[in-house]
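Here's what TrEMBL has on this protein:
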BINDING   His51, His186, His190  Zn(2+) binding site
TRANSMEM  60-78  transmembrane segment
TRANSMEM  90-107  transmembrane segment
TRANSMEM  113-131  transmembrane segment
TRANSMEM  143-160  transmembrane segment
TRANSMEM  187-211  transmembrane segment
Amino acid sequence: MRSASKMAPSAAEFASAWGQPTSTLDWCEENYLASPYIAELSVGISSLAFHMTLLYETQLMDELSMIWGGCVLVYLFFSHDSKPNSNSLPLVAFLLLYALCVTLIYLLTKEPVFHQVAFSLQVITVMLRGIQRKYSYSGSLRLLFFSLVLYSVGFVLWLTDTAFCLHLRSIRAFLPTPVGVVLQFHAWWHTLSSLGTHCLFVACCHSRYMFLKRNPRIWMVGCLPLVALDATENGRIH
């Protein structure tokens, strides 16, 4: 989604070392505030190339990788209960065609809303598939709903960042830097959606292991859930 406004650079901002931005998107975070090499520091931590340069080429790297990675996640969710060593060639062919079509249309239209809809369809498909069929196992189900909460909160923050950009910038201007960073809601979207995606992958692995009757358990490393098997178990998931 495009930024809510185009604001003139403030006196504290550096001149871009990468030249004039060519990306079709910009965000609420002030550009090149900390360095001439990094356009958006807070967001850039979790999406380095695009938010560092704001170039169209790196925008494609950032956004198209979401589509192709989303296809991998959709495949995993739909092959959860497949027999060991089996394949799903029709599903693979469909997902490849989907990713290629989205890529081609996006390259031709350069319309951010199209990309957002295409990626949202993948996330919704994964969530519905999990609720519909896969997650009869309590551990996997908890991770699925936790991921849904993370995505929902992140999406609300993302919309807030876009709709109230001018207000957020004004508030951040009066706050110390460490406090102001907390109000970089687009960066929170990256953080929460990344954690949500991690939870989806872990839930998928846990559910697959349960289907194969290998008695997995979910354990936490800080705020990150992981799947563990007993040392006597075969760790293969295919």
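In case you wondered, yes, glycine gets a Cβ from its N, Cα and C as well.
Within 10 Å of the C-beta of His190 (Zn(2+) binding site) we count 19 further C-beta atoms, all protein chains included. 143-160 is the stretch from 60-78, 90-107, 113-131, 143-160 with the greatest number of Cβ pairs below 8 Å to the transmembrane segment (187-211). Residues 1, 63, 66-67, 70-71, 73-74, 77-78, 102, 105-106, 140-141, 144, 147-148, 151, 200, 203 of the same chain lie 6+ residues outside the transmembrane segment (113-131) yet bring a C-beta within less than 8 angstroms of a C-beta in it. Long-range Cβ contacts of the transmembrane segment (143-160) within its own chain (Cβ-Cβ under 8 Å, at least 6 residues beyond either end) map to 1, 123, 127, 130-131, 135, 168, 185-186, 188-193, 195-197, 199-200, 202-203, 206, 218, 225.
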